[in-house]
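Undergrad: Not my notes, these are from TrEMBL:
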| type | residues | note |
| --- | --- | --- |
| TRANSMEM | 27-49 | transmembrane segment |
| TRANSMEM | 61-82 | transmembrane segment |
| TRANSMEM | 88-110 | transmembrane segment |
| TRANSMEM | 122-141 | transmembrane segment |
| TRANSMEM | 177-196 | transmembrane segment |
| TRANSMEM | 208-230 | transmembrane segment |
| TRANSMEM | 250-271 | transmembrane segment |
Amino acid sequence: GNSSACPDGAAWVQAVFDECARDGRDVASVLLGLASIGCFAAASFPQFYQACKTGIMDQALSIYFLLGWLGGDLLNLIGSFLANQLPLQIYTAIYYVLADLVMLFLYCYYKAKNRGRGFGASINAAFVFVFLGTVSTVSLLRRDPGVAPAPAAFRGRALLAADVREAGDTPFSRNEIIGFIIGSISSVLYLCSRVPQIYTNYKRKSTAGISYSLFALVMLGNTLYGMSVLLKNPEPGQSQGDYLLHHLPWLVGSLGVLSLDFIISFQFLAYRGGKPGAPEERDALLGEQDEP
């Protein structure tokens with residue numbers, strides 16, 4: 001029903017993503033978004049393999065890093081729905097949450113395996129987040145996306161955009177404002193989640209048990225995601241400044257964490273090879289398991 005509002009747009013983008021790609025710049029934006037999804041989809045698997053290989057995932061990753069990551073992804077998913085983000089962005093947010101839940105499950109599994117009965121408050125908090133994440137994801141997946149906007153009010157990628165040609169309309173709906181706020185909180189959680197992991201690496205003087213491919217692919221995915229948003233043309237009647245402002249929480253959540261991920265990358269270089277604790281850490285941990 002929206003095809004008449006985008007007569008010169010790419011037909012495959014319109015059919016698959018219900019988005020109007022009016023020119024090559026818009027098509028490139030969609031392709032970069034798809035590439036970012038591929039990076040995020042592949043990012044978790046090296047860490048899953050590393051966890052099974054070393055068995056020290058509970059020592060290598062900070063529980064607060066995982067919880068902050070999951071919290072940010074949950075809010076990102078909810079905010080994307082409320083703020084009418086693109087289907088492509090919503091699909092990415094759904095995958096984030098599902099991958100985070102698997103990673104938290106592995107963390108809890110190895111925590112229980114390596115520490116026996118040592119279930120502390122962090123594990124209980126992890127199970128609460130897993131439960132909330134599962135419930136939120138399932139409820140949003142089953143949610144009716146609602147009635148599609150009329151052709152004259154085709155929204156495309158615009159966040160909090162309103163059809164300025166319709167007199168009497170409220171610029172921002174209540175749900176959209178809530179979505180923007182939730183997206184902003186999500187960005188803060190993304191930024192804060194890196195700090196505990198940076199401290200954990202510094203304290204251990206090691207990155208053993210962590211797959212660098214996880215962070216490398218996340219960095220690449222965030223870069224492509226940010227470029228995808230920046231490359232997209234603003235909606236008709238929307239200035240470039242308004243477009244960037246409306247997407248600011250999602251841009252901060254993607255591009256803002258790159259500086260912190262670069263710090264983690266530097267730690268991988270600083271603590272590799274013969275640094276104390278890196279080669280022997282697994283043996284020490286396994287030795288602790290054998291103690292009565």
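Heads up, the Cβ atoms here are built off N, Cα and C, so glycines get one too.
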Undergrad: Among 27-49, 61-82, 177-196, 250-271, which stretch has the highest count of C-beta pairs below 8 Å with the transmembrane segment (208-230)?
TA: 27-49
Undergrad: For the transmembrane segment (61-82) and the transmembrane segment (27-49), does the number of C-beta pairs under 8 Å, pairs 6 or more apart in sequence, reach 3 or more?
TA: no
Undergrad: May I ask for the residues of the chain that lie six or more residues beyond the transmembrane segment (250-271) and have a Cβ under 8 Å from a Cβ within it?
TA: 72, 76, 85, 89, 159, 183-184, 186-187, 190-191, 194-195, 197-198, 201-202, 204-207, 210, 212, 215-216, 218-219, 222-223, 225-226, 229-230, 244, 278
